[in-house]
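Below is one structure, written out as structure tokens; comments come after it.
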């Protein structure tokens, strides 16, 4: 059973915001669309929520924050999810604590890592992340330790702005050297990203056009936002062009569970359905119905006409069976 929304989009993935706290202060952070300094669900709560999601066909889970590795019980959270045997279980981190936790994360059942790396220049990295140049070296060390721990699928996340767009080629070279993939993310006018958006925004179409001069197009991720995939110098480059992009929204297969117990259907929209009490009371049927209700509220933030949107999703429905 897979839920399909009224625009023909399947619900396949759940982003679980495990905390709202972060030890970085990136100038474009969108906070996963939730408030900071709020209560968080327990590992057992998160495992229960995942169980309900799997009953309606969700098999891919990504842990986000804040900074997930700040949770002292992050290993327990991963163990709770791994016990449910999901198809995919990944985590997005700024990498600061990765070095000391990499082996335990891998042993607990984490399958993939996304590590934010917005610059290879320590001073610029410090400016972007609101940290210090020393932090850059610790993040790089964490990446190397993650490789040593057995992670074979590590993706670098780079939010492309006017501050760092000149480093795209350098990030590709770094990824090629170490066997990583690279995800180029367009700036979003959400959270901190809304401040000085026009001054910092870079249209990723321009970047992709330049990369295609020496790379090749591999296709699109029809399972997630129709994201273009490129091969550049042997590196798989994924392009997250989210702003004013109906194709991106047409391919959305994701919902968020916030750390304070809300189902959120879109990063651009307010939370949709409160599920804190349902999770705490272990009301499985009630939680499944809440997922169904939230799915009914899902709609693209950027769209063409409804007919065009439905046509663009026929291939998505066919691919997921």
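Glycine is no exception: its Cβ is also placed from the backbone N, Cα and C atoms.
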Record-annotated GTP site (TrEMBL): member among 15, 104, 124 besides 62, 92, 155: 15
So which binding-site residues out of 26, 155, 252, 266 end up within 10 angstroms of residue 66 (S-adenosyl-L-methionine binding site), measuring C-alpha to C-alpha? none
Among the binding-site residues 22, 62, 92, report those whose Cα falls within 10 Å of that of residue 116 (S-adenosyl-L-methionine binding site); none is a fine answer. 92
Using Cα positions only, nearest of the binding-site residues to residue 266 ([4Fe-4S] cluster 2 binding site) (22, 62, 92): 62
